[in-house]
């Protein structure tokens, strides 16, 4: 068993203000996406400008935060929301959903695409390779916060998390997700998109591989206590939400290869 590196989840405290590592990880994710976007924009043959990248990151940040919070409440805390709707705005208490954040980003990118007269999927194809930076950083934030741990296990790298009331040796599933949803997914998408691919393909690859990785990790991740298993004694909410991503992702890749259309330059309205 490996000792859990008990890091204070509060990185900096200035008087009554506390800056949590989880919040810093969000900033790292947005900053990393911005830098990668600027790098790719210079090599886009005029399809993307620095202004477009800056605006896209801003729109995306709004989508992630608003969608992530609303999704968490609807997917994981709906009964509590019905009893007390004010929990929706209590962001400081924690609780964000990837799937809600994804829907929020898609909605935000719809408005961004309209502003710049771009095809929505051209926008998501450009941005998709940068998303794993934020996903990986977020999972490190989960690990530092000692939350979203895995199931009990006897593997040699198991850890006991200080916030676990049962104090059992568990899979460090946050690190598995960091490795798969962060590092592996970034490498796959970054190298796949090095050369311009047909429309839909990069977005499809993101949905396909994220869905696969999330479904796999859910087998060793402790399900949310307020939900438990959805069916069969093993199907989790995360797997149920990720399965459509795999199906849609595969469909987008096939559609992209069949249509074989490519993004076109555009200007703001």
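Using N, Cα and C of the backbone, Cβ positions are placed for all residues, glycine too.
If you check Swiss-Prot, you get these features:
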- 10-30: transmembrane segment (TRANSMEM)
- 56-76: transmembrane segment (TRANSMEM)
- 91-111: transmembrane segment (TRANSMEM)
- 126-146: transmembrane segment (TRANSMEM)
- 172-192: transmembrane segment (TRANSMEM)
- 200-220: transmembrane segment (TRANSMEM)
- 237-257: transmembrane segment (TRANSMEM)
For the transmembrane segment (172-192), could you work out the same-chain residues 6 or more beyond its ends whose Cβ comes under 8 Å from its Cβ atoms?
2, 36, 128-129, 132-133, 135-137, 139-140, 142-143, 147-151, 157-159, 201-202, 205-206, 209-210, 213-214, 216-217, 220-222
Under 8 Å Cβ-Cβ from the transmembrane segment (126-146), and at least six residues away from its ends along the same chain, one finds 4, 6-7, 9, 20-26, 28-30, 32-33, 36-37, 40, 44, 47-48, 56, 60, 64, 96, 98, 109, 161-164, 172, 174-175, 177-178, 181-183, 185-186, 189-190, 192-193, 202-203, 205-206, 210, 263
